[in-house]
């Protein structure tokens, strides 16, 4: 008789083989998109350095917001010291701030913050690092009220919140940019007709703002100089990304120094940063820091995302949810800018809210006059002498009457 144990073992082997064939033919269960992303991130970070890298990136992003927010305060403080000494102000074309150590301290803080923000992307996901950049707006607003005696009215505070929320929503729903791994692929992207048209529009609009709108509206409209900084900033970020690719190839042993594109990007970056610093100083010297900072953040973020979308073709792979989220975030940003800019001279405080709901117009007008005018988001006078002369003229007119 044949060995029954041997027959059973053979049957199990044949059954296992049939199961293996069926398992190979049957499709694998679908893995959710968020599961794929988490698995990919964990595999990229490694089993040991996953949590460590996450917390390092989070700390770098928070430190970046603190340094960048504080840099605006140091720059503004240095510009105010120059104004007290009677030096030519940046709003009038002066460059005496280059001799002020507080201004250089602010520039150093901004450089440290930008370096920390760049390093944070190497440790933490971009969906974590990028929205945390909005914290620099809050840091600047808190420090300006503490060290510069600048305050926002209710409309300004609501505008700040809306700007931050809209920017965060827009960044979350924005698509991931296409990867560029070499200078050759970067050169092909730069030759794209869409990007060429965008760059020409940025340069032409910046020249119009500098030479046409600047002399007329630069001292009364905060958007003029901030738009110049934001538009040029979108090109500077593209140059930074190209130089980052060049550095990677240089460390890999490739002859990058012989490539003309790297040097062209370096020269363009120096020019763009010089223009940004010049007109950002003018905006900070003329207008309130709590107004300049959020508007600059919103417009700069929007310009950079637009430039990246055109250069790296991000919008081709967007789904409907991301499109709706991006449009909603942009409209929220526009609402925040409107509240910040349109109502910045309205002396409205939370103390007046009960009067709107309970009392009549007469009491409301009385309380409105008694409210401190400095509660509103008013910009600094262009020249102290002009403010004093206007006050003395009003006093003389009152005495004559």
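Keep in mind that glycine also has a Cβ here, set from the backbone N, Cα and C atoms.
Taken from TrEMBL as is:
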| type | residues | note |
| --- | --- | --- |
| TRANSMEM | 54-74 | transmembrane segment |
| TRANSMEM | 128-148 | transmembrane segment |
| TRANSMEM | 154-174 | transmembrane segment |
| TRANSMEM | 195-216 | transmembrane segment |
| TRANSMEM | 222-240 | transmembrane segment |
| TRANSMEM | 261-279 | transmembrane segment |
| TRANSMEM | 291-311 | transmembrane segment |
| TRANSMEM | 323-343 | transmembrane segment |
| REGION | 374-401 | region 'Disordered' |
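Outside the transmembrane segment (222-240), and at least 6 residues removed from its termini, the chain residues within Cβ reach (under 8 Å) are 199, 202, 205-206, 209-210, 213-214, 265-266, 268-269, 272-273, 275-276, 279-280, 282-283, 286-287, 291-292, 295-296, 299-300, 302-304, 306-308, 311, 341, 379. The stretch in closest packing with the transmembrane segment (54-74), judged by the count of Cβ pairs under 8 Å and taken from 154-174, 195-216, 291-311, is 291-311. Against the transmembrane segment (323-343), stretch 154-174 has more CB pairs under 8 A than any other of 154-174, 195-216, 291-311.
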